[in-house]
(Lines of atoms letter the chains of each structure in order from A and count residues from 1; the text may use other names and numbers.)
(Lines give C-alpha, C1' and ligand atoms only; values in the text may rest on other atoms or scores of the structure.)
Protein backbone atom coordinates (compact mmCIF):
# COMPACT_ATOMS: atom_id res chain seq x y z
CA UNK A 1 0.00 0.00 0.00
CA UNK A 2 2.92 2.27 0.69
CA UNK A 3 4.31 1.61 -2.79
CA UNK A 4 1.18 2.71 -4.59
CA UNK A 5 1.29 5.84 -6.66
CA UNK A 6 -0.26 8.77 -4.87
CA UNK A 7 -1.62 10.24 -8.09
CA UNK A 8 -2.87 6.87 -9.13
CA UNK A 9 -4.83 6.70 -5.94
CA UNK A 10 -6.50 9.95 -6.80
CA UNK A 11 -6.99 8.70 -10.34
CA UNK A 12 -8.70 5.54 -9.10
CA UNK A 13 -10.97 7.55 -6.93
CA UNK A 14 -11.73 9.71 -9.95
CA UNK A 15 -12.70 6.70 -12.00
CA UNK A 16 -14.87 5.33 -9.25
CA UNK A 17 -16.55 8.64 -8.85
CA UNK A 18 -17.14 8.84 -12.57
CA UNK A 19 -18.79 5.46 -12.46
CA UNK A 20 -20.98 6.59 -9.64
CA UNK A 21 -21.80 9.72 -11.53
CA UNK A 22 -22.68 7.71 -14.59
CA UNK A 23 -24.85 5.45 -12.52
CA UNK A 24 -26.60 8.48 -10.98
CA UNK A 25 -29.35 10.24 -12.85
CA UNK A 26 -28.69 14.00 -12.57
CA UNK A 27 -25.64 14.43 -10.33
CA UNK A 28 -22.91 16.71 -11.77
CA UNK A 29 -19.32 15.61 -12.12
CA UNK A 30 -17.21 16.27 -8.98
CA UNK A 31 -13.83 17.76 -9.86
CA UNK A 32 -11.12 17.67 -7.19
CA UNK A 33 -9.09 20.87 -6.97
CA UNK A 34 -5.42 19.96 -6.54
CA UNK A 35 -3.99 23.49 -6.60
CA UNK A 36 -2.97 25.42 -3.49
CA UNK A 37 -5.25 28.44 -4.07
CA UNK A 38 -6.75 28.91 -0.63
CA UNK A 39 -9.33 31.41 0.58
CA UNK A 40 -11.80 31.76 3.40
CA UNK A 41 -14.69 30.42 1.37
CA UNK A 42 -12.72 27.93 -0.69
CA UNK A 43 -11.33 28.42 -4.16
CA UNK A 44 -12.81 31.58 -5.66
CA UNK A 45 -15.05 30.93 -8.68
CA UNK A 46 -14.93 27.08 -8.50
CA UNK A 47 -18.16 25.16 -7.79
CA UNK A 48 -19.89 28.14 -6.29
CA UNK A 49 -23.31 26.53 -6.38
CA UNK A 50 -22.24 23.39 -4.55
CA UNK A 51 -19.84 25.18 -2.12
CA UNK A 52 -22.54 27.61 -1.03
CA UNK A 53 -24.19 24.79 0.91
CA UNK A 54 -21.02 24.06 2.90
CA UNK A 55 -20.26 25.98 6.17
CA UNK A 56 -17.74 28.72 5.63
CA UNK A 57 -15.23 30.38 7.94
CA UNK A 58 -16.52 33.45 9.81
CA UNK A 59 -14.45 36.62 9.64
CA UNK A 60 -13.41 37.68 13.13
CA UNK A 61 -13.10 41.25 14.44
CA UNK A 62 -10.80 42.90 16.99
CA UNK A 63 -13.77 44.39 18.85
CA UNK A 64 -15.69 42.06 21.13
CA UNK A 65 -18.97 43.89 20.56
CA UNK A 66 -18.69 43.51 16.79
CA UNK A 67 -17.93 39.79 16.68
CA UNK A 68 -20.31 37.99 14.37
CA UNK A 69 -21.77 34.57 15.01
CA UNK A 70 -22.36 31.90 12.41
CA UNK A 71 -25.75 32.07 10.82
CA UNK A 72 -27.60 33.80 8.05
CA UNK A 73 -26.99 37.41 7.16
CA UNK A 74 -30.40 38.49 8.47
CA UNK A 75 -29.81 36.89 11.87
CA UNK A 76 -26.37 38.47 12.12
CA UNK A 77 -27.69 41.92 11.26
CA UNK A 78 -30.49 41.55 13.82
CA UNK A 79 -28.28 40.23 16.65
CA UNK A 80 -25.32 42.57 16.21
CA UNK A 81 -25.82 45.97 17.92
CA UNK A 82 -24.54 49.10 16.21
CA UNK A 83 -20.94 49.99 17.20
CA UNK A 84 -20.51 52.71 19.78
CA UNK A 85 -18.96 55.98 18.54
CA UNK A 86 -15.30 56.43 19.45
CA UNK A 87 -14.52 59.44 21.70
CA UNK A 88 -11.58 61.62 20.68
CA UNK A 89 -9.21 62.19 23.63
CA UNK A 90 -6.85 65.14 24.28
CA UNK A 91 -4.30 66.05 26.98
CA UNK A 92 -5.65 69.60 27.57
CA UNK A 93 -9.17 70.47 28.71
CA UNK A 94 -11.38 71.77 25.98
CA UNK A 95 -12.03 75.50 26.28
CA UNK A 96 -13.23 78.15 23.97
CA UNK A 97 -11.22 81.02 22.58
CA UNK A 98 -13.15 83.54 24.69
CA UNK A 99 -12.21 81.85 27.97
CA UNK A 100 -8.55 81.75 26.93
CA UNK A 101 -8.49 85.46 26.03
CA UNK A 102 -10.32 86.36 29.27
CA UNK A 103 -7.77 84.47 31.35
CA UNK A 104 -4.84 86.21 29.59
CA UNK A 105 -6.40 89.63 30.18
CA UNK A 106 -6.81 88.90 33.90
CA UNK A 107 -3.17 87.84 34.20
CA UNK A 108 -1.95 90.99 32.43
CA UNK A 109 -4.10 93.19 34.72
CA UNK A 110 -2.67 91.51 37.83
CA UNK A 111 0.87 92.08 36.60
CA UNK A 112 0.20 95.77 35.94
CA UNK A 113 -1.31 96.26 39.41
CA UNK A 114 1.68 94.61 41.12
CA UNK A 115 4.12 96.75 39.12
CA UNK A 116 2.21 99.94 40.00
CA UNK A 117 2.28 99.06 43.72
CA UNK A 118 6.03 98.46 43.62
CA UNK A 119 6.63 101.84 41.95
CA UNK A 120 4.45 103.66 44.50
CA UNK A 121 6.24 102.00 47.42
CA UNK A 122 9.66 102.87 45.98
CA UNK A 123 8.78 106.53 45.38
CA UNK A 124 7.36 106.88 48.91
CA UNK A 125 10.52 105.40 50.47
CA UNK A 126 12.79 107.69 48.42
CA UNK A 127 10.79 110.78 49.32
CA UNK A 128 10.83 109.85 53.03
CA UNK A 129 14.60 109.32 53.01
CA UNK A 130 15.31 112.62 51.26
CA UNK A 131 13.03 114.59 53.60
CA UNK A 132 14.46 112.96 56.74
CA UNK A 133 18.07 113.50 55.69
CA UNK A 134 17.50 117.17 54.81
CA UNK A 135 15.77 117.88 58.14
CA UNK A 136 18.51 116.02 60.05
CA UNK A 137 21.23 118.03 58.28
CA UNK A 138 19.45 121.31 59.00
CA UNK A 139 19.11 120.39 62.66
CA UNK A 140 22.71 119.26 63.12
CA UNK A 141 24.49 121.97 61.14
CA UNK A 142 24.35 124.81 63.72
CA UNK A 143 25.07 122.47 66.68
CA UNK A 144 28.23 120.54 65.74
CA UNK A 145 31.32 121.70 63.80
CA UNK A 146 32.48 119.71 60.81
CA UNK A 147 35.27 117.12 60.95
CA UNK A 148 37.43 119.28 58.67
CA UNK A 149 37.22 122.21 61.11
CA UNK A 150 38.22 119.98 64.04
CA UNK A 151 41.19 118.53 62.13
CA UNK A 152 42.32 122.01 61.07
CA UNK A 153 42.17 123.33 64.64
CA UNK A 154 44.22 120.38 65.93
CA UNK A 155 46.82 120.89 63.20
CA UNK A 156 47.06 124.62 63.95
CA UNK A 157 47.61 123.90 67.62
CA UNK A 158 50.34 121.37 66.77
CA UNK A 159 52.10 123.82 64.46
CA UNK A 160 51.93 126.57 67.07
CA UNK A 161 53.41 124.30 69.73
CA UNK A 162 56.22 123.11 67.40
CA UNK A 163 57.11 126.69 66.34
CA UNK A 164 57.84 127.82 69.91
CA UNK A 165 61.58 128.59 70.43
CA UNK A 166 63.62 126.41 72.72
CA UNK A 167 64.73 128.27 75.84
CA UNK A 168 67.07 125.63 77.26
CA UNK A 169 67.56 121.97 77.72
CA UNK A 170 65.53 121.57 80.91
CA UNK A 171 63.11 124.46 80.34
CA UNK A 172 62.49 123.49 76.68
CA UNK A 173 61.71 119.90 77.57
CA UNK A 174 59.33 120.98 80.32
CA UNK A 175 57.62 123.46 77.99
CA UNK A 176 57.23 120.84 75.27
CA UNK A 177 55.87 118.27 77.68
CA UNK A 178 53.41 120.75 79.19
CA UNK A 179 52.28 121.98 75.75
CA UNK A 180 51.79 118.42 74.49
CA UNK A 181 49.86 117.53 77.64
CA UNK A 182 47.66 120.62 77.23
CA UNK A 183 46.96 119.79 73.57
CA UNK A 184 46.09 116.19 74.39
CA UNK A 185 43.84 117.29 77.28
CA UNK A 186 42.10 119.85 75.03
CA UNK A 187 41.54 117.22 72.37
CA UNK A 188 40.17 114.78 74.95
CA UNK A 189 37.82 117.44 76.33
CA UNK A 190 36.61 118.29 72.83
CA UNK A 191 36.02 114.63 72.03
CA UNK A 192 34.14 114.12 75.30
CA UNK A 193 32.01 117.25 74.84
CA UNK A 194 31.00 116.38 71.29
CA UNK A 195 28.25 113.75 71.05
CA UNK A 196 28.74 110.86 68.64
CA UNK A 197 27.64 111.71 65.08
CA UNK A 198 24.46 110.26 63.73
CA UNK A 199 25.12 107.06 61.80
CA UNK A 200 24.56 107.28 58.08
CA UNK A 201 22.20 105.04 56.20
CA UNK A 202 25.14 103.46 54.31
CA UNK A 203 26.57 101.95 57.55
CA UNK A 204 23.31 100.25 58.56
CA UNK A 205 22.89 96.52 58.26
CA UNK A 206 19.61 94.83 57.18
CA UNK A 207 18.80 93.77 60.78
CA UNK A 208 19.10 97.35 62.10
CA UNK A 209 22.58 97.11 63.66
CA UNK A 210 24.70 100.21 63.06
CA UNK A 211 28.22 99.49 61.84
CA UNK A 212 30.85 101.90 63.15
CA UNK A 213 33.01 103.52 60.51
CA UNK A 214 36.79 103.51 61.21
CA UNK A 215 38.37 106.99 61.58
CA UNK A 216 40.24 108.36 58.60
CA UNK A 217 44.04 108.49 58.88
CA UNK A 218 45.82 111.18 56.90
CA UNK A 219 49.51 111.67 56.14
CA UNK A 220 49.65 114.74 58.35
CA UNK A 221 48.34 112.82 61.36
CA UNK A 222 50.97 110.11 60.84
CA UNK A 223 53.81 112.65 60.64
CA UNK A 224 52.54 114.41 63.75
CA UNK A 225 52.51 111.08 65.57
CA UNK A 226 56.11 110.28 64.60
CA UNK A 227 57.31 113.74 65.63
CA UNK A 228 55.49 113.47 68.95
CA UNK A 229 57.13 110.09 69.69
CA UNK A 230 60.53 111.51 68.76
CA UNK A 231 60.01 114.48 71.07
CA UNK A 232 58.90 112.16 73.85
CA UNK A 233 62.04 110.03 73.49
CA UNK A 234 64.21 113.13 73.43
CA UNK A 235 62.57 114.51 76.55
CA UNK A 236 63.06 111.16 78.30
CA UNK A 237 66.75 111.22 77.38
CA UNK A 238 67.06 114.72 78.79
CA UNK A 239 65.21 113.87 82.01
CA UNK A 240 66.82 110.44 82.59
CA UNK A 241 70.27 110.29 80.93
CA UNK A 242 72.30 107.09 80.54
CA UNK A 243 75.17 106.65 83.03
CA UNK A 244 77.99 104.12 83.38
CA UNK A 245 80.52 103.29 86.06
CA UNK A 246 84.21 104.26 85.80
CA UNK A 247 86.05 102.29 88.42
CA UNK A 248 89.72 101.25 88.47
CA UNK A 249 90.66 98.02 90.18
CA UNK A 250 91.16 94.28 89.75
CA UNK A 251 87.48 93.44 90.38
CA UNK A 252 86.03 96.43 88.56
CA UNK A 253 83.53 96.07 85.73
CA UNK A 254 81.56 98.48 83.65
CA UNK A 255 77.87 98.68 84.53
CA UNK A 256 75.30 100.71 82.62
CA UNK A 257 72.21 102.34 84.06
CA UNK A 258 70.09 105.44 83.75
CA UNK A 259 69.50 108.26 86.16
CA UNK A 260 65.96 108.03 87.45
CA UNK A 261 63.93 111.23 87.43
CA UNK A 262 63.95 112.95 90.79
CA UNK A 263 62.78 116.24 92.25
CA UNK A 264 64.46 118.81 94.41
CA UNK A 265 65.19 117.57 97.90
CA UNK A 266 64.98 113.91 96.89
CA UNK A 267 67.84 111.44 96.83
CA UNK A 268 69.39 110.58 93.48
CA UNK A 269 68.54 107.08 92.22
CA UNK A 270 70.21 105.09 89.46
CA UNK A 271 68.46 102.10 87.87
CA UNK A 272 70.85 99.25 87.16
CA UNK A 273 70.35 97.81 83.67
CA UNK A 274 71.67 94.34 84.49
CA UNK A 275 69.36 93.70 87.47
CA UNK A 276 66.83 96.56 87.35
CA UNK A 277 67.47 97.64 90.95
CA UNK A 278 67.22 101.20 92.24
CA UNK A 279 70.64 102.09 93.68
CA UNK A 280 72.23 105.15 95.20
CA UNK A 281 75.43 106.51 93.58
CA UNK A 282 77.56 104.84 96.30
CA UNK A 283 75.75 101.52 95.86
CA UNK A 284 76.08 101.81 92.07
CA UNK A 285 79.88 102.28 92.34
CA UNK A 286 80.12 99.46 94.86
CA UNK A 287 78.05 97.23 92.53
CA UNK A 288 80.61 97.95 89.80
CA UNK A 289 83.42 96.67 92.05
CA UNK A 290 84.83 99.99 93.27
CA UNK A 291 84.16 99.47 96.95
CA UNK A 292 83.53 102.30 99.40
CA UNK A 293 84.59 105.66 97.97
CA UNK A 294 84.34 109.13 99.44
CA UNK A 295 82.89 110.83 96.35
CA UNK A 296 80.97 108.29 94.24
CA UNK A 297 79.74 110.86 91.69
CA UNK A 298 83.27 111.17 90.30
CA UNK A 299 83.18 107.51 89.29
CA UNK A 300 79.91 107.88 87.34
CA UNK A 301 79.99 109.07 83.72
CA UNK A 302 76.96 110.47 81.85
CA UNK A 303 76.64 109.26 78.24
CA UNK A 304 75.09 111.91 75.94
CA UNK A 305 74.46 109.41 73.11
CA UNK A 306 71.13 107.49 73.19
CA UNK A 307 71.20 103.98 74.51
CA UNK A 308 70.31 100.85 72.63
CA UNK A 309 67.79 99.95 75.32
CA UNK A 310 65.47 102.85 74.42
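Positions of Cβ are set from backbone N, Cα and C atoms, glycine also.
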Select from 1-29, 30-58 the stretch of residues annotated by Swiss-Prot as region 'Disordered'.
1-29
Can you check which of 156-215, 216-275 Swiss-Prot lists as region 'Disordered'?
156-215
Long-range environment of the compositional bias 'Basic and acidic residues' (99-108) - Cβ separation under 8 angstroms, sequence gap at least 6
none
Using DSSP, how many residues in the compositional bias 'Basic and acidic residues' (99-108) fall into helix, strand and coil?
10 helix, 0 strand, 0 coil
